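Lifted from Swiss-Prot, the feature list:
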TRANSMEM  28-48  transmembrane segment
TRANSMEM  88-108  transmembrane segment
TRANSMEM  125-145  transmembrane segment
TRANSMEM  157-177  transmembrane segment
TRANSMEM  185-205  transmembrane segment
TRANSMEM  325-345  transmembrane segment
TRANSMEM  349-369  transmembrane segment
TRANSMEM  377-397  transmembrane segment
TRANSMEM  430-450  transmembrane segment
TRANSMEM  462-482  transmembrane segment
TRANSMEM  496-516  transmembrane segment
């Protein structure tokens, strides 16, 4: 692997990051401290992803009032229609939002690199590594999420094929501009074309969803939920005097999940709107949320109360003392993050948009801290920043992707959103996550500094990682297709085959990481 030299300290390592006396500590101790802090930042990303996901659900519930006149009776018909399209929600909100840690990290790295002729290495390395993490470990988790024996398949195969095409084309395009068009150089036009292709992805996915002629694949759509928001596996009871805590009904068997999941179903300010909370008028056309009169300030205050509560209702219901202690300990560890994120306004305000934007701002702040910590780890250990980027950073910043896909795989009746989040996130990583930072750097260089393109310092290593990714991803997609043909679904099925598929996906990820690391280290 990479050459690690604890004895040598680069000049930049003389600056402290956490406290004044840290530069006097041995490099090994400093590396350990920075690694712990980095892991804690990833826990923060995991925690904020829960708030992000809930705010996104609130945005998706937003509907508009449509008034029509019955041509036969001249009666006025009032009904509510969803504002967001199902597919656009997957491509835009879900994929873009869960990829925001990688995007913000790459953008911050580019801004720090302004005025340089060579691009920063953290952004591209993280995004390619994140693509591998999204495709392999997240698929490995999702395939075992459905309950034993149950199956979940993609209902709209045409949309998935469109998203898969743009996902693979994104990395083919990246290889073309790195090795074929202008080898190891990024021009302003290449960066601009990269960003514009995200708009083409949105348009093509929407066209496929609407089955526009000539530009869509003529495949029938299977059954899928009318509402994008995942349905609950079990209802959640509330009383009229809301206290901020929803109790999970007995028999759900989610003790472990609720301890370690970033998005607990019990409290922490996330209030479910189950199907029975949505009432239908006698005409069957008007929806009413029974919580619409809840005062937002009391809900916001409840977020701080929940953040200060170490023992949740789930922990109190656990029969095992050990699990209860683990739950309390975990809540104690994440208490600072919970208290900080309690300042995010409730998602009930402005249909969740304020909470959505605030969540992205917090994610950007954590991503900036991650870049600084990574610089110090690379400095005191001698490990290549690129190796750190596509391993530790890629896994850590992809955690919101994992949480979102896991929740979708558990709660939705189809596999569309769980798998679409993976393929769309990989597309967003290139078109936005790499395109925008490179566009910022190339525009600055062309307009203000050198009048020259942007050079890629480690283009050979990046290109090799892309080739390995292509080879391993082909093996992944082939297995998903075989599961659909033989077992009838991409996710779930017999537990033995589900776990075998999961292990296979993890092996593919290990192969990618090992080969890419050996290439960067000069071993191969």
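Note: Cβ is positioned from N, Cα and C throughout, glycine not excepted.
Between the transmembrane segment (125-145) and the transmembrane segment (377-397), the number of CB pairs under 8 angstroms, six or more residues apart, is three or more, so the stretches are in contact. At the 8 Å Cβ cutoff, the transmembrane segment (325-345) and the transmembrane segment (157-177) share fewer than 3 close pairs (sequence separation 6 or more) and do not count as touching.
Counting Cβ pairs under 8 Å that are 6 or more residues apart, the transmembrane segment (377-397) and the transmembrane segment (157-177) reach fewer than 3 and are not in contact. In this chain, the transmembrane segment (88-108) lies apart from the transmembrane segment (462-482): fewer than three C-beta pairs between them fall below 8 angstroms, excluding pairs fewer than 6 positions apart.
Long-range contacts of the transmembrane segment (430-450) within the same chain, counting only residues at least 6 positions beyond its ends with a Cβ under 8 Å from a Cβ of the stretch, are 96, 99, 102-103, 106-107, 109-111, 113-117, 119-120, 123-124, 127, 131, 170-171, 173-174, 186-188, 190-192, 194-195, 197-198, 201. Each of 28-48, 157-177, 185-205, 496-516 was scored by its Cβ pairs under 8 Å to the transmembrane segment (462-482), and the highest score goes to 496-516.
Long-range contacts of the transmembrane segment (496-516) within its own chain (CB-CB distance under 8 A, at least 6 residues past either end) are made by residues 129, 132-133, 136-137, 139-141, 143-144, 146, 387, 390-391, 461, 464-465, 468-469, 472, 475-476, 479, 483, 487, 524. Residues 87, 90-91, 128, 131, 186, 190, 194, 197, 200-201, 204-205, 208-209, 211, 216-219, 221-222, 416, 419-420, 423-424, 426-427, 429-431, 434, 463, 466-467, 469-470, 473, 477 of the same chain, all 6+ positions outside the transmembrane segment (157-177), place their C-beta atoms under 8 angstroms from a C-beta of that stretch.
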